[in-house]
């Protein structure tokens, strides 16, 4: 029994005998596709080798196909896949669940002008002997992986070496800038190895995708996919790369058994990411990042998810499309639990050995939260009394914010809060105390935190103040996507009509859901921009990634079709 979605099955064959095998496709379910059931021959204990010949659909949810005009270089068309969470079934018939892991090999034919890459090690390429205009590429992934980590990309790609086991790939328009931005990759890898153990995947390459890619990054083994918004000076560049590198252990090597336990992937990965950040850039920055994560979690839990069922660390997702449940919760609520445990169990010197032992214990496996918790108790046998005081039911199963807020060092946020308080207390009639110099000594992290604190003011700033802020600080000229997001949300909150054009420009030039969805939700919430937002979305929908388009349609209350 295999998962399939929109696949045209032509035949199923027992390769050892050439026998055609009978099969049936069940009724299609909108999200989950169709059950492909194959009648297997008698094996007498021997291994079977089965071939399934099939076509994918042009609308396969795993793929985005771009015309040459939709690329930076406008020379060749472009293909990339995104199989997480359950889209691999539209790519290949498989057991499309993270509870099943497998190695894979691939042989792909493409026009010679197209460079092909996969989430695997390249084992060579040659000209197609039957068609000299095409090349054949071969790949092998020896480490067992879940289906969501199968990935493919094809396009007019170039690479640059950025370390002894790493290249960065992109269209040539971005490749040199990307090589510069990702120059610390090897240092991050070595730091992660010190925390988590040996890197087992051989290569760690990065691919900068076209702007429509819906995520900041995707941890495909051997070939991390990243958004081009990172090349615009985002603070999140180092965070995203550290995050995806961390997935090489937490997620790819040790994997959640099903999406309900997604926090095992993402909570641990954020925890390791911030460990890397602290070791490379100092503990105060790690603390600031953790505090900011708490703020983002609070905004998501309270304002977006309304303390609903998807705010549980382990939600009930039976019959639910995992994409619909996707949020910051498993990332930041999971991190908060791990940070809290590290604190009460004796700090990093006690907890970091557990992290490495956990990865060693469960590598190449898929597990659930009970297995994780049982190992935690077995590792800290001398501190079971401490662990028994943890309110596990609330952490795992209660909606809302975590039961405990850690005490983070927020010293780097003090100037952000002071500037926010100054704006809040000032009078609309006298804003002369502010100048462009207010933010010259603030990092991009701190500017973003300042804007976040302004957004959360109980008494919102007036439109007059926001206009003055733009006059002095020139936020509309910023390229940093994280700052642009917070700034545009503030402008839309105070109903500044001039900001609508900037908001639409932002969502049209890139497709990262972290940015696109909050902006569209804000545009929809304001009656003055609602119709314009819907009209813009409908006109741009054909160019958007399937996952992004489906979820934004729901944000705009348009349904999914």
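Cβ coordinates are placed from backbone N, Cα and C, and glycine is handled just like the others.
Taken verbatim from TrEMBL:
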type     : residues                                                : note
BINDING  : 82, 83, 84, 214, 215, 216, 217, 218, 219, 512, 513, 514 : peptide binding site
BINDING  : 243, 247, 266                                           : Zn(2+) binding site
ACT_SITE : 244                                                     : active site, proton acceptor
ACT_SITE : 331                                                     : active site, proton donor
DOMAIN   : 411-556                                                 : domain 'Peptidase M1 leukotriene A4 hydrolase/aminopeptidase C-terminal'
Those recorded positions of 84, 217, 219, 331, 513 having Cα within 10 angstroms of residue 243 (Zn(2+) binding site): 217, 219
Cβ-Cβ distance under 8 Å to the residue listed as 'active site, proton acceptor', same chain, at least six residues away: 217, 218, 219, 224, 226
Between residue 266 (Zn(2+) binding site) and residue 215 (peptide binding site): CA-CA distance (Å): 14
Length of the line joining the Cα atoms of residue 266 (Zn(2+) binding site) and residue 513 (peptide binding site), in Å: 17
Cβ-Cβ distance under 8 Å to residue 513 (peptide binding site), same chain, at least six residues away: 214, 215, 547, 548, 551
CB contacts for residue 215 (peptide binding site) [other CB atoms within 10 A, all chains]: 22
Secondary structure content of the domain 'Peptidase M1 leukotriene A4 hydrolase/aminopeptidase C-terminal' (411-556), with strand meaning DSSP E or B: 109 helix, 2 strand, 35 coil
Farthest-apart CA atoms of 82, 83, 84, 214, 215, 216, 217, 218, 219, 512, 513, 514, residues recorded for peptide, distance in Å: 18
Set of same-chain residues at least 6 away whose C-beta sits under 8 angstroms from residue 82 (peptide binding site): 62, 64, 151, 213, 214, 215, 218, 225, 545, 547
243, 247, 266 excluded, remaining Cβ within 8 Å of their centroid (Zn(2+)): 219, 244, 246, 250, 251, 265, 268, 269, 270, 273, 331
